[in-house]
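Visitor: This structure is in structure tokens; I'll ask about it shortly.
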């Protein structure tokens with residue numbers, strides 16, 4: 001019996017450690033998992049999300065999937081929505097002070113988070129909390145007590161604060177308070193483990209520090225997951241950078257975006273996003289190297305897996321069929337944006353109004369480069385007028401517009 005528990009704990013710890021950059025307090029995590037398998041006693045893990053954007057992308061899911069792994073091994077997840085701290089704005093990695101959100105924006109975005117996380121997390125083992133529950137009650141005396149727990153000198157050790165201080169870029173006192181408030185969340189929740197990205201290390205360690213300072217009998221472990229690179233393979237996945245794959249993307253878009261990553265980045269996505277074991281992934285890599293498995297097929301399988309997870313197997317297979325139809329067989333897609341106009345229209349103007357070109361200047365350049373087709377015939381004249389009827393305008397391989405001229 002004891003031997004069987006030890007094996008299960010070892011397997012759990014291998015799963016937990018997969019793809020993780022750093023774990024502080026791994027022995028404590030192992031003791032919690034072992035306790036669960038011996039007695040069934042659960043433990044508390046948490047990760048905070050400031051709802052500054054309404055949609056999750058795959059970069060967020062690296063952390064959320066790790067939380068789901070913990071749920072399999074005895075954890076109750078607290079998905080903490082930082083509605084209070086979002087009205088301050090986390091300065092992590094920023095060179096300028098961020099504008100706070102209104103309460104209405106925060107609550108609207110928080111609802112969107114809740115709708116999405118249960119695509120990954122087990123609802124029966126997840127608690128959604130808002131940190132306004134305790135931070136609004138902190139009061140002046142509580143805030144003074146909290147700020148007395150940490151020095152300005154220690155705060156300036158944080159990399160982004162240090163850089164801004166040396167460059168004489170303004171740092172507001174509110175921004176100093178942010179990591180203290182995030183750390184206080186761990187005190188209020190008495191969390192056993194906290195998750196975050198590698199860029200959050202300072203704030204995560206603040207939780208451990210404050211748990212000690214407030215006399216808690218526990219000191220949370222900290223687990224840091226890597227930052228997922230975006231589609232460009234260089235910068236971190238970010239909606240503002242446009243290099244993201246959103247959890248709520250349409251199946252066709254999600255599938256196509258996964259296929260657009262480089263062969264090298266594909267393996268990074270496999271490690272951090274796929275449900276396949278590391279042994280299975282290593283076998284795939286060996287098969288690709290030996291020529292037994294084409295990189296394109298490996299990428300298609302990854303795109304199918306990810307699209308199925310956030311939609312359905314049927315949606316994923318239809319997305320693959322649509323992609324093959326448009327990009328492999330050079331056929332017209334089943335669905336595309338549509339623009340209706342009255343009277344003939346200049347092609348460049350139609351491209352802009354239909355949303356397949358940002359400007360008439362860019363439309364001209366695309367035509368001159370030979371990238372524009374009408375009804376699968378290359379456009380030669382940048383001054384072409386389109387008259388009565390239906391015209392399928394194509395820019396490159398990915399952009400289509402159905403133009404109906406009345």
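Heads up, the Cβ atoms here are built off N, Cα and C, so glycines get one too.
This is the feature table in Swiss-Prot:
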- 239: ATP binding site (BINDING)
- 345-405: domain 'S4 RNA-binding' (DOMAIN)
- 51-60: motif ''HIGH' region' (MOTIF)
- 236-240: motif ''KMSKS' region' (MOTIF)
Visitor: The motif ''KMSKS' region' (236-240): mean pLDDT?
Guide: 85
Visitor: Test of understanding: give the count of other CB atoms lying within 10 angstroms of the CB of the residue listed as 'ATP binding site'.
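Guide: Result for the residue listed as 'ATP binding site': 16 neighbouring Cβ atoms inside 10 Å.
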Visitor: Would you mind listing the long-range same-chain contacts of the motif ''HIGH' region' (51-60), meaning Cβ under 8 Å and 6+ residues beyond its ends?
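Guide: For the motif ''HIGH' region' (51-60), the list is 81-83, 86, 89, 101, 106, 108-110, 112-113, 116-117, 227-228, 230, 236-239, 244-248, 269, 273, 306.
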Visitor: In DSSP terms, helix, strand or coil for residue 239 (ATP binding site)?
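Guide: Looking at the DSSP assignment, residue 239 (ATP binding site) belongs to neither helix nor strand, so coil.
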Visitor: What is the number of residues in the domain 'S4 RNA-binding' (345-405) that are helix, strand and coil, as DSSP sees it?
Guide: 16 helix, 23 strand, 22 coil
Visitor: Work out, from DSSP, the number of helix, strand and coil residues along the motif ''HIGH' region' (51-60).
Guide: 3 helix, 1 strand, 6 coil
